[in-house]
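Take a look at the structure set out below.
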Amino acid sequence: MDETEGCCSTQLIDGDGNFNVAGIENFMKEVRLAEFGLSYVVVSIMGPQSSGKSTLLNHLFHTNFQEMDAFRGRSQTTKGIWMARCVGIEPCTLVMDLEGTDGRERGEDDTAFEKQSSLFALAVSDIVLINMWCHDIGREQAANKPLLKTVFQVMMRLFSPRKTTLMFVIRDKTRTPLENLEPVLREDIQKIWDSVPKPQTHTETPLSEFFNVEVVALNSFEEKEEQFKEQVASLRQRFVHSIEPGGLAGDRRAVVPASGFSFSAQQMWKIIKENKDLDLPAHKVMVATVRCEEISNEKYAAFTANEEWCQVEKAVQSHAVPGFGKILSSIVDVCLSEYDAEATFFDEGVRVAKRKQLEQKLLQLVQPSHQSMLGHIRSEAMERFKEIFGSALSGGKAFAEAASECSESCLVQFDERCKDASIDQANWDSSKVKDKFRRDVDAHIVAVRAAKLAELTTFYEKKLNEALSGPVESLLDGANEDTWPAIRKLLRREIETAIHGISSALSGFKMDEETLGDILSRLKDYAREVVETKAKEEAGRVLIRMKERFSSIFSHDSDSIPRVWTGKEDIRAITKSARLNSLKLLSVMAAIRLDEEADSIAKILTLDLLDGKSGAAANKSVTSFDPLASSTWDGVHPSKTLITPVQCKTLWRQFKTETEYTVTQAISAQEASKRNNNWLPPPWAILALIVLGFNEFMTLLRNPFYLLFIFIVFLLLKALWVQLDIAGEFRNGALPGIISISTKIIPTVMDLVRRLAEEGQGRGRRNNPQAEGNIPYRSFRSGVDQDHVGDTSSSCSSSEVGSLDTNSDFSSPRADKKFQ
């Protein structure tokens, strides 16, 4: 199927400049343009004659404009302005094919129509394609630059400016990359715009306010037809939905409704035809412009290809190049001299302007390398400063003196190197780089100064921490009324030592009094923080400390010897003393007292906690409220409170609960000791025995035999008492004592009887002269009587010794000790 099928076209303006009113009306009816409202777009193309404009439009929009037959020679094909609707693109796209510029048929004297048609295209179209050969980029006339300048100027004067997209289509693209060609075109358009006189309302209006500039490149249609068609097909997609946001004409303004397009176009052409300011510049100026531009481009290209420049440009990216300024000044001077030699016979105004443009381009090309050179100079100067500054500090020189001398030396050297790197043709100011270098130096000095100060501060803070933590903890552990005065004295002494040391170290920094005061103030605050932190830690363990102190005082006497509860100790007084000392510890730990400010914490705690209900009642009668029912101490700042009154009350209650058991155990031990050491019956029992046993006592006195029997029984019972160590057994308790005695009493009695029998038999043998000789006989009784007269315990001792020798299983170490 033919791609151009359905395409409708007409001649809008003929070669004589006549507007085809009937043709445009029929065209609008045939394509039903009025139905599209605002949903249509107008595209036009301008460019040199025989540059392939019609061919491009036919391939791009599937139109049927007449194309030049190359085999029949190069001549004018399109006359006037033709319009067609493209096929297969939405929205509705109208394409205008303009007569080529610079044509042989019109000649040099009849170029007004070219200008008029170009101005009409810019005024009517949303997108204008500017067709140009790749090798014409940089030329004045071939690139239509004079034409565009005049069109811009007249357009700003004749019409309300509208947003138009200028798409430069570079034909027969060469090896030069598009990214290198595009900046040149954009720069040319910008220069044209800047040079155009504008109305007062648009003096400062930028080009982007009225024009979008696009650049595309196409291969040769004749030499690379397939690539050309592929590129054109890709370009065609950009015209689909071109009026949508982001499209080629997405930001157009002041669109005429489709139904009024014909009338609007007629009026615009009428205004353009009547204008008299559309004559082209003089031929001489035009030739000078084109030729000087060509010479300028040639010299610029020669400069960029200069081997010496390329070497310098490459080298300066990595390091500083010696003689940079002299080398580039020489290369730039040679380039400008060659331009002057070739352009000397052209119009002076054009020649000077182009020379200035060439010089600006060369300096713009060189400036990045110059900036890199200055960057290397700054970096090297900075490294040298760091080196000599560090060496000066390591050598013991004062900080401020070292910073001043080193920075001054490096700045002088920096200025000398910047001067050597300057280019004669450029009047570039290196003060910004110097300021940056000075800021870097100052920043480094500040950083080193901060590091040194931080190092000094950390050192003395560490010394303060070591000097305060241990002693403060020890003082708080043995808390008493002298604790906080001792801590304050310790704190003042250590702060004075630290301040003296750090002040001496800071003397070389030459800092102002305010800064020095801030450092010393922070050091003092840190010392106080160490003490406060340690106090808070100890306050968290105050209950443990209180119990330890109570246990130490309660369980040990004044000589630190453990107490033995024998019954003579005043447990109440000891308990009160221990609690009083624990309460002192609590009062010391209740608040931080680094300032010599009096408080009543100890008094309040003593009255409300230690003195009991009477003291609390008396205190309440005075204050009319419970002083411990508060979260703050009277006269103590909340920030200095470690333990609030409410917490003290809770801690004291918990302390008493946990120490009550110790007191109870001591009382129980004391009562047990009293019971164990008192074997006499109570006085009332003794009195009862005397009264009730008087008759029995008198009976014993009247009958000596009973008295002797009782005495013998007493001796036997005493021997059993000592042998069984009854007192020692009952010290362990009544029940264990009874059980132990019951297991040993029968063997002990049997042993005593056996020993007494053996004693009696031995004495009988000693009284027999036949068997034993003249050994005096002593009966057990006489022995007892004699012992009773002398030592009443001798017989018991002999029996005891015999018992110990024969049956040690039932002996007691404590009994052995007593009998010995």
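Quick reminder: no glycine exception, Cβ is built from N, Cα and C everywhere.
The GTP binding site annotation in TrEMBL covers Gly47, Pro48, Gln49, Ser50, Ser51, Gly52, Lys53, Ser54. The compositional bias 'Polar residues' annotation in TrEMBL covers 800-811. Sequence annotations record features per position, and here TrEMBL assigns domain 'GB1/RHD3-type G' to 37-252. Taken from TrEMBL, the feature region 'Disordered' covers 759-820. Sequence annotations record features per position, and here TrEMBL assigns transmembrane segment to 705-722.
According to DSSP, Gly47 (GTP binding site) is assigned to coil rather than to any helix or strand.
Fewest Cβ neighbours within 10 Å among the binding-site residues Ser50, Ser51: this applies to Ser50. Of all the binding-site residues listed (Gly47, Pro48, Gly52), Pro48 has the fewest other CB atoms within 10 A of its CB. On the 0 to 100 pLDDT scale, the domain 'GB1/RHD3-type G' (37-252) averages 81 in the predicted structure. Same-chain residues that are not part of Gly47, Pro48, Gln49, Ser50, Ser51, Gly52, Lys53, Ser54 yet have a Cβ within 8 Å of the Cβ center of the GTP site turn out to be Gly100, Asn131.
In the three-state DSSP scheme, Lys53 (GTP binding site) is classed as helix. Here the Cβ of Lys53 (GTP binding site) has 28 other Cβ atoms within 10 Å, regardless of which shown protein chain they belong to.
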